[in-house]
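What follows is a short report on a single structure.
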Amino acid sequence: MVEKSSERFDKQMAGRLGDIDFTGVSRTRGKFVRVTSSTDPAEIYQILTKQWGLAPPHLVVALMGGDEVAQLKPWLRDTLRKGLVKAAQSTGAWILTSGLRFGITKNLGQAVRDHSLASTSPKVRVVAIGIAPWNMIQNRDLLLSAKPDHPATYPTEDLPYGAVYSLDCNHSHFILVDEDPKRPGATGEMRVKMLKHISLQRTGYGGTGSIEIPVLCLLVHGEPRILQKMYKNIQNSIPWLILAGSGGVADILVTLMDRGCWDADIVQELLINTFPDGLHSTEITSWTKLIQRILDHGHLLTVHDPEQDSELDTVILKALVKACKSQSQEAQDFLDELKLAVAWNRVDIAKSEIFSGDVQWSAQDLEEVMMEALVNDKPDFVRLFVDNGVNIKQFLTYGRLQELYCSVSEKNLLHTLLLKKNQERQAQLARKRMSGNPNNELGDRKFRFTFHEVSKVLKDFLDDTCKGFYQKLPAERMGKGRLFHSQKNLPDMDRRCEHPWRDLFLWAILQNRQEMANYFWAMGPEAVAAALVGCKIMKEMAHLATEAESARSMKNAKYEQFAMDLFSECYSNSEDRAYSLLVRKTCCWSKATVLNIATLAEAKCFFAHDGVQALLTKVWWGAMRTDTSISRLVLTFFIPPLVWTSLIKFNPEEQVSKDEGEPFAELDSLETEQALLLTDGDPVAGEGSAETAARSCSATFIRVVLRRWNRFWSAPVTVFMGNVIMYFAFLILFSYVLLLDFRPPPPYGPSAAEIILYFWVFTLVLEEIRQSFFTDEDMSILKKMKLYVEDNWNKCDMVAISLFVVGLSCRMAMSTYEAGRTVLALDFMVFTLRLIHIFAIHKQLGPKIIIVERMIKDVFFFLFFLSVWLIAYGVTTQALLHPNDPRIDWVFRRALYRPYLHIFGQIPLEEIDAAKMPDDNCTTDVQEIILGTLPPCPNIYANWLVILLLVIYLLVTNVLLLNLLIAMFSYTFQVVQENADIFWKFQRYNLIVEYHSRPALAPPFIIISHITQALLSFIKKTENTQDLLERELPSGLDQKLMTWETVQKENYLAKLEHEHRESSGERLRYTSSKVQTLLRMVGGFKDQEKRMATVETEVRYCGEVLSWIAECFHKSTLKCDRDAPKAPRSIAGSSRDQQPQGAKRQQPAGHPAYGTDKKLPFIDH
């Protein structure tokens, strides 16, 4: 239907559509259409939106009045320039004017032009549309003389007030109405019909088509003839905004609205005073009736006083809400205004005008605007909607979550990542189908992302922390990779999200919407883990961000600080529960613990927290007390029977852990919680007290002996000590074999010590295999290998073992025996350097490892600069001193090795300086030099140049470059030393985790532990052990711990809010708000003074009338049967006291009494 209508209209308008090229300074281009007064507004609207490509407006403001001869006041021009254009700019509005270059329309066009030049966003565009009568256009014949395919050239002229005017070059579109001479004013009627039609159209933010276009008329000044247009628009329920102080009809309406009385006499008096010339009595009567009818629709009238009210966009929105309130109290009727408030991001107006309590909102009413607030990044509105009834658990479905990901801006980094994953997926599907180009499937359809791409992006950022996210949805599984879900899959997307706050937090933080993400973090569960996840994502995205500003904002995100502060709040409340918070397996993050997520995010500051270090200390010492001295530990290690004495003291948990076997029903006692949370889960401790009492004393003694033995040797500190001692023994054995007992190949060797060394290395290999492949059953072998190789110390182990295997293989053959010795000697050096790893546990030596690592990186950069000078000097001196020596080994020795020795002071002057060269026999014969019979003679032709180059080389390398290296080392040391404590604590965690997971026995005895674990895995399938760093709590206790964390989070947020209120900036803002309120109150006092002055004038008028009546009765012959009543004493006394002052009082200016000029008083604005 629309297309047929368009074709019919195009035929009707053939030759009446065209472009205009404005000549002059501006040189702009516009579009025009010439219509008749009977043209359907729907067809004109179709031309604007379909043929000319204008987006449907989010607001239409029709400028009425302001085309008078009087000069515009400066403040009025500023209001229109700044206020109206700003309000239109925030939404992409249409501004309808007369389109002619005179009066206020000209000033408004200039404001639109300034906005267009300053605006950088093509989406937010202010469109100025002129609706002008054809017969009032200067040079209108030029618009008809142009060819159909060529724009009309139109000169812009500033003409004086008269019958014709030029079109304003700052307007982009014109609707030129060809009026019938028999029907004057058809242009005004066309404007009224156009506004009515636009107000019935629907548009939406985000393309939802859900909002009726709000239309508003702005009255500036205005002649009486505008009242007819105003009344017709009011009959169409279009609200009006009246600009106070602009003069004309606008001031008349403002005055009457302030007085609250619009009797005919008062209205006529105001008309006569405002327009003293050119009005007949019949016109005054007609205008008076129109004014009274207009004022009867006060709900559609709003006054804007630029001196007192807020900005114009605020007043426009209030006017629209006011018009809606007067018509209905249903929530559905306020959705358009609410959506407009969302579009303008005016949450203050939404709170004060829409959510004031007059309207009852349901969750279903707010779902649509909630989506718009999410898509358009309006966190204040999201918070407002949640506070007013939106239930996130009911609101967020997988379908809506997918729509949120599909709405990501193309300029956002997330869009690039999702697009990349989608292209990889399409390429994979194309390879399976063997169909060539993977993009053929896309066509011209709108691009959409699925959860497959989202899960892949999260996998890149969070690794196993997001395992299973959005990967098991029925729609995704049945869709088979298609971009759009089939109809039978759509109902699956209506399923509600299991963790809505987590999903929204991830969606917001992936787009770097930090304020939105902060709100979702504050509302969601497991806040410490979520903050660390946000820290990890922000760090990863900061590396990928191409724009410096985005990368800087991502790096400045304070999610690690949030995690630290919240954990501090938890730790100060309860240390035991805080420990459990660190090691419990989370529900929302794929069973990962807080410590796992912190490790993934490399949150060094979080690990440096006292609470985290206290837990690590407890884990490090195992069941032993943390105040056990090292001397006692060493003594017990070498004399194991001391473990059953009081030399080693254990924690009291072993006495409480007997309750572990009881059901997890009693959770109200803190002691019971500690027993459940902090026990090490020893199977021996799980026996009931009754069974213990029934056993014999000998059985009890054996159990205690075995328990203390197991607790001592399974502690990570004991495991570490055993590994260190045995590793030193390994290095001693290795050095002994290399130096004293490295026998020839079989049958002479190897010796018994060397065979023991081979077996020792074999146990080391078994341990490395266990660490790499026997860690997580759910992980693929390739993934396990990748994680193993990522650790630098594991790389060192792989190099050491590989060299040992190569050396052992070469050592067994006589031909490669010496090569095998060489390789094993180098391998010993690698094994010895592996000792650096044990320093990480020491508080002073641990940071030094980081310093050495950083300095090695600095050395590589230094060597680049050094090699440039070294090669330049070495090659040059070799060419100058020994041009006849063709031996390659000596060329490299003199060109590279000798200049390198110069740096350390080894300068053989007898080989460089001709004055100190010895008189030895030498030759210049190449053959003798190659045979080595005589040394080559140095060339002394340019020996002075060699000396000069040596001086420059030593100056640059020994003074400049070496001092540069020292400065780099000093800077690295200073940076690391400032954060030495943080680096050490992070290293310490990794070391504790490593030795916590290691078997109790050290190599080579570790093979016993490996055999034991293998047998247990075959017999019991799973090991019956509890990991102190990963605990899966019972559901009741886990829920209680989550509730406790939520309470601490609320306390933390309350403290943040209190600190924010007490900050100097917030206090200044609060004081400023109070001052503004006081100023508004003072402005109200002025209004009251004006009202009181009016009342005084009226009372004085009434008194004079009464005095006149009394005097008339007194002079007449009429008499009353009784005497006149006497005035009360208070009034009489007051009259006598105030009589002298009243005699001298002057009448207020602008409020004359009836007795002086016989005119009714009115308030003069």
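Heads up, residue numbers simply count up from 1 along the chain you see.
Each Cβ is built from the backbone N, Cα and C atoms, and glycine gets one as well.
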Further Ca(2+) 2 ligand in Swiss-Prot, beside Glu768, Gln771, Asn794, Asp797, within candidate set Glu575, Glu978, Glu994: Glu994
Is it the same side of the membrane for Met814 and Ala942, going by what Swiss-Prot records? yes
For the topological domain 'Extracellular' (931-942), provide the mean pLDDT of the predicted model. 85
Counting each residue once, how many in the topological domain 'Extracellular' (741-751) are helix, strand and coil under DSSP? 0 helix, 0 strand, 11 coil
When the number of other CB atoms within 10 A of each residue's CB is tallied over all shown chains, which of the binding-site residues Glu212, Asp336, Glu337 has the maximum? Glu337
Highest CB neighbour count within 10 A among the binding-site residues Gln771, Asn794? Gln771
Would you please pick out, from the binding-site residues Glu768, Asp797, the one with the fewest other Cβ atoms within 10 Å of its Cβ? Glu768
Beyond a gap of at least 6 residues from its ends, the CB atoms lying under 8 Å from the transmembrane segment (943-977) belong to 847, 850-851, 854-855, 858-859, 861-862, 865-866, 869-870, 873, 876-877, 880-881, 899, 902-903, 907, 912-914, 983
Helix, strand, coil residue numbers for the topological domain 'Extracellular' (881-889) per DSSP? 3 helix, 0 strand, 6 coil
Would you mind reading off the Cα separation of Asp336 (Ca(2+) 1 binding site) from Glu994 (Ca(2+) 2 binding site), to the nearest angstrom? 60
In three-state DSSP terms, Glu212 (Ca(2+) 1 binding site) is classed as strand
Excluding the flanking five residues on each side, which residues at least 6 beyond the ends of the topological domain 'Extracellular' (741-751) place their CB within less than 8 Å of a CB in that stretch? 758, 811-814, 817, 821, 824
Excluding Glu768, Gln771, Asn794, Asp797, Glu994 themselves, which residues in that chain have a Cβ inside 8 Å of the centre of the Cβ atoms defining the Ca(2+) 2 site? Glu767, Ser772, Tyr788, Asp791, Trp793
